[in-house]
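For reference, the structure discussed in these notes is given below.
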Amino acid sequence: MTTQGAILALDQGTTSTRAILFRPPALEPLAVAQEEFPQHYPAPGWVEHDAEDLWRTALSTLRGALAKAGLAAGAVAALGIANQRETVVIWDRATGRPIHNAIVWQDRRTARACAELRRGGHAGAVAASTGLLIDPYFSATKIAWLLDHVEGARAAAEAGRLAFGTVDSFLLWRLTGGRVHATDATNAARTLLYDIHAGRWDPAMLDLFRVPAALLPEVRDCATEFGHTEPGLLGAAIPIRGIAGDQQAATIGQACFTPGMVKSTYGTGCFALLNTGAEPVRSGHRLLTTIAYQFHGRRAYALEGAIFVAGAAVQWLRDGLGLIRAAAESGELAARSEAARRLYMVPAFVGLGAPHWDAEARGAVFGLTRDSGPADFARAALESIGYQTRDLIEAMHADWAASQTAPGEIPVLRVDGGLAASDWTMQFLADVLDAPVDRPAVQETTALGAAYLAGLQSGLCPEPEGFAAGWRLERRFTPDMPARARAAAYAGWKDAVRRTLSSPG
Ligand SMILES: Nc1ncnc2c1ncn2[C@@H]1O[C@H](COP(=O)(O)OP(=O)(O)O)[C@@H](O)[C@H]1O
Ligand SMILES: O=P(O)(O)OC[C@H](O)CO
């Protein structure tokens, strides 16, 4: 292991792009640049990004982080990329231009196509190969939609003139000046097209979702050689040596390398991943089986629970209801709600994700009285994040306990993401889970994970065990709620969810 050179990490997220420079081997953050970009909602339930915005903000934040640190690109040993997952970009190989806006993971336009495929009895085969459910969330039906709706796209795709990529792959293509069309195993695992057991694109899935093989990128390890940035872009050619989907990058950044470790990231949505080790665990509770990371051709698997609305509920308090001016005020307001005035908010703004997967459900608030006020709404919104996490963790516990490979209980929850800054929410989370909640010193865990991958491949960072030993706690939240109060609160939530589902059980 050598000790020179900074590592640059790019975290291309749903609402903003961040670039962070880290100093190896411990990966202390040196400089951050962040930029938001526009969201496009062309029809109800549709969400698009202009892929040029993703590229523009990637480039300007990478340049910005270097400028802030006063470093030349020549001093950067390697670049790692983490990205919003599932989002689909299709571009012309000759011009590098996207044929349409990117269709974002949140987009529901293919809900009907998915329902038809489910009715056709394909769910079993899809789950067996990809570990996923047939849902508009994933890439495959979005790719088919673009090929069917952009004039000439299907023929061009079949003729090999177009390229598909998740956002990492598109950015890699642009960064390498159109030389490299590749992705990593974690991103491939989110497309509904990748056999996560065999580690290859699955011809049966390509047939089922009508995706021509000529569109697809080559799939590589998370820490490997992905090519070099064009020298003109950042001032020198920087080797690109790490790629992972953002939630997998956060799992790596949280050093969840041991089977049984779980992290939960609270951004717009919430994504919890449980490392299940070398063997994939099939969920009996509609969680996803996915690839946590792949090093030296060896895969570690994860069970994943995805909640679509977490921080977005706080944004709704701010932008929809006007109850707060800034997200950070939500905890203070919630703390003013009196115990007896509990409301339940089921934030099914875009349906419910795991473990319910109810695309038709819509949000509801229960328990309103003449006394209900802003503080009760704020508390209900923040508590919904704790309850939804408990739904996921209970499902994980059950799947994990049923699996042959489970060594024991899930001990603690490691948290990160913007909303993890809310002490009030993290304390409620520990209370409702009845488990400790650990918040790390470096809360930019997604970028940290991407940097670690690049540092590992460069020989600047230690092997996973060494990196895990360096993980530092900022604060532990310890459960402090009487068992009876916990049980009553959670029972109320279960009832509220039951009443919100589109076909209540
Ligand atoms: N102190 C806070 N209290 C409550 N919510 C917060 C706080 N800080 C940030 N948030 C919420 O966290 C989310 C932003 O987290 P971030 O990780 O940047 O999200 P994303 O990567 O999905 O864009 C926003 O939805 C915001 O409302
Ligand atoms: O960009 P984020 O942090 O909201 O994460 C998005 C996820 O990768 C979607 O699966």
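We count from 1, first residue shown onward.
Just so it is clear, glycine is given a Cβ too, placed from its N, Cα and C backbone atoms.
Model, not experiment: these values are computed from the prediction.
Annotated glycerol binding in TrEMBL involves Arg85, Glu86, Asp246, Gln247 plus, out of the candidates Tyr137, Tyr194, Tyr293, the residue Tyr137. Site annotation for ADP in TrEMBL covers Thr14, Arg18, Thr268, Gly418, and the matching candidate from Gly64, Gly227, Gly311, Gly373 is Gly311. Counting Cβ atoms from all protein chains shown, Asp246 (sn-glycerol 3-phosphate binding site) has 30 others lying within 10 Å of its own Cβ. For Gly311 (ADP binding site), the nearest neighbour among the listed binding-site residues (Thr15, Arg85, Tyr137, Asp246, Gln247), judged by C-alpha distance, is Thr15. In this structure, none of the binding-site residues from Thr15, Ser16, Tyr137, Gly311, Gln315, Gly418 has a C-beta falling under 6 Å of any atom of ligand 2. For the pair Arg18 (ADP binding site) and Glu86 (sn-glycerol 3-phosphate binding site), the C-alpha distance works out to 19 angstrom.
Note on proximity: among Thr15, Ser16, Gln247, Thr268, Gly418, the binding-site residues of the record, the Cα nearest Arg85 (sn-glycerol 3-phosphate binding site) is that of Gln247. Annotated pair Thr15 (ATP binding site) and Thr268 (ADP binding site), C-alpha to C-alpha distance, rounded: 8 Å.
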